[in-house]
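Student: So Swiss-Prot lists these for the protein:
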- GLY50, GLU51, SER52, ARG115, ILE143, ARG144: L-glutamine binding site (BINDING)
- CYS82: active site, nucleophile (ACT_SITE)
- HIS179: active site, charge relay system (ACT_SITE)
- GLU181: active site, charge relay system (ACT_SITE)
Amino acid sequence: MNAVPHLGVLALQGAFREHRQRLEALGVRVTEVRRPGDLAGLQGLILPGGESTTIARLMTDFGLWQPVRDFHAAGGALWGTCAGAILLAREVLGGPPQFGGHQASLALMDLSVRRNAFGRQVDSFRVPLAVRGLAAPFPAVFIRAPVIERVGEGVDVLARHQGQIVLARQGRLLASAFHPELTPDPRLHALFLEMSLTVSA
């Protein structure tokens, strides 16, 4: 009998409960990650949408930066959605002025991401998004979304909106500018589950 897949969701701030619900609907055991010890035994970790500067500060407070890097180095998959994509990126553009334009990140994925590229919260929108590998469009919800302005050679672009990159994969890393957890469509969570099981096998 196969073991139940075990994934984590960073649960410091943002839409972590919605991610948990999507994963549990796929039969996944889910741990809410708040401290380094919570990473033990996980096959993948989702960095949710929220406020990237707040999540970054809390990651510092809870000592999570290096443990998450180590988790990935040991074979764990990572998926950043919206603010989480910012935290994965090697380069963050448009950082908060109060921090001199600097935005802390894990710097694991060869991307340049611009914060809040799609505007303010009142500019939120939902579009049917053509995603490479999916037979039908995905209902993508954008809320003050970032945009991926540059990708490195090892990064696969999976989706664009109005010509701008909004979903990309680099090995065991997945970054989405939108919020897949805010729709009942399970296909991207299923993709991340497959990534997590493949890399940890």
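In case you wondered, yes, glycine gets a Cβ from its N, Cα and C as well.
A quick note: this is a predicted structure, and the numbers were derived from the prediction, not measured.
How buried are these features, and what lies next to them?
Tutor: Counting every protein chain shown, the Cβ of ARG115 (L-glutamine binding site) has 19 other Cβ atoms within 10 Å.
Around the Cβ of CYS82 (active site, nucleophile), a 10 Å sphere holds 30 further Cβ atoms from the protein chains shown. CYS82 (active site, nucleophile) carries neither a helix nor a strand DSSP state and counts as coil.
In the three-state DSSP scheme, HIS179 (active site, charge relay system) falls into the coil class.
Counting only same-chain residues six or more apart in sequence, the Cβ atoms lying under 8 angstroms from the Cβ of GLU181 (active site, charge relay system) belong to ALA15, GLU18, HIS19, GLN21, ARG22, PRO48, GLY49, THR81, HIS189.
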Student: Could you tell me the maximum Cα-Cα distance in Å between the residues recorded as binding L-glutamine, namely GLY50, GLU51, SER52, ARG115, ILE143, ARG144, rounded to a whole number?
Tutor: 13
Student: Write down the Cα-Cα distance for CYS82 (active site, nucleophile) and GLY50 (L-glutamine binding site), rounded and given in Å.
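Tutor: CYS82 (active site, nucleophile) has its Cα 7 Å from the Cα of GLY50 (L-glutamine binding site).
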